[in-house]
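Residues or ranges marked as FAD binding site by TrEMBL: ARG66, TYR68, VAL83, LYS85, ILE92, SER93, THR134. The feature domain 'FAD-binding FR-type' is assigned by TrEMBL to 14-117.
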Amino acid sequence: MLTTFNLEEILNPKVFKSFKLIEKIPISHNTSKYRFELPKPDDVLGLPVGSHIAIMAEINGKRISRSYTPTTPEEDRGHFDLVIKSYPTGNISKLMGELKVGDSVGMRGPKGNFVYKSNMCREIGMIAGGTGITPMLQIIRRVCNDPTDKTKINLIFANVTEDDILLKKELDEIAKASPENFKVHYVLERPPSESWDGEVGLVTKEMIEKYCPKPAKDVNCYYVGHCR
């Protein structure tokens, strides 16, 4: 059980606050986990599940912001993590790739109109591509960590190669620990070998029909990321 806290003491939806990078962990050839320090060691970020954080930077004289979803478990204290893929032609993502430990970044939040609530639906179908997994992970963790939440989740996670699969260890651990609540189905455009036991190619109508729940009033479907 988390202790009571005031979210606006840490984040503000209108004002950018500065957060220091304390660790940068590469997790693929173009993606890293960025760990930022919270004001106090016992602080939790307290972001509502389904919400995002906006990062702001001044680039070529213009203020630019992009939204990202923390991947930190809700109970983690003293820090929060962002998983960000850096693109050579990107604005914020390129800047993040150039960050060094000790640098600070302006952020504000929470952002977004969606907030997940326990048992808000019977089943959830998810389709994620690349870093689109980060907002999905928030919901997956909340459902699987709450014994009173009976929601069932089926996730289709599409990537180009096996090395591109972000947070695979975390997803597999959750699927193993909570088989009644969560199942993950991987899709690769270029699988490593014939030993690959996941789906191959692009996400198709047939895959969605196979793994995702049928449309109904008590079923939600979420899609995030680039899935061709």
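Glycine is no exception: its Cβ is also placed from the backbone N, Cα and C atoms.
Automatic, uncurated: that is what TrEMBL annotation is.
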Which residues in the same chain, at least 6 apart in sequence, have a Cβ under 8 Å from the Cβ of SER93 (FAD binding site)?
ARG66, ILE84, LYS85, SER86, TYR87
Which residues does TYR68 (FAD binding site) neighbour through Cβ under 8 Å, counting only same-chain ones at least six apart?
HIS52, ILE53, ILE55, LEU82, ILE84, THR134
Considering each pair of residues in ARG66, TYR68, VAL83, LYS85, ILE92, SER93, THR134, all listed as binding FAD, report the largest CA to CA distance in Å, no decimals.
17
Within the same chain, and leaving aside ARG66, TYR68, VAL83, LYS85, ILE92, SER93, THR134, name every residue whose CB is within 8 angstroms of the centroid of the CB atoms belonging to the recorded FAD site, in sequence order.
ILE55, LEU82, ILE84, MET96, THR131
Residue distribution over DSSP helix, strand and coil in the domain 'FAD-binding FR-type' (14-117):
6 helix, 48 strand, 50 coil
Protein Cβ atoms within 10 Å of ARG66 (FAD binding site), excluding its own:
17
Neighbourhood of ILE92 (FAD binding site) by C-beta distance under 8 A, where only residues 6 or more apart in the same chain count:
ILE55, ALA57, ILE64, SER65, ARG66
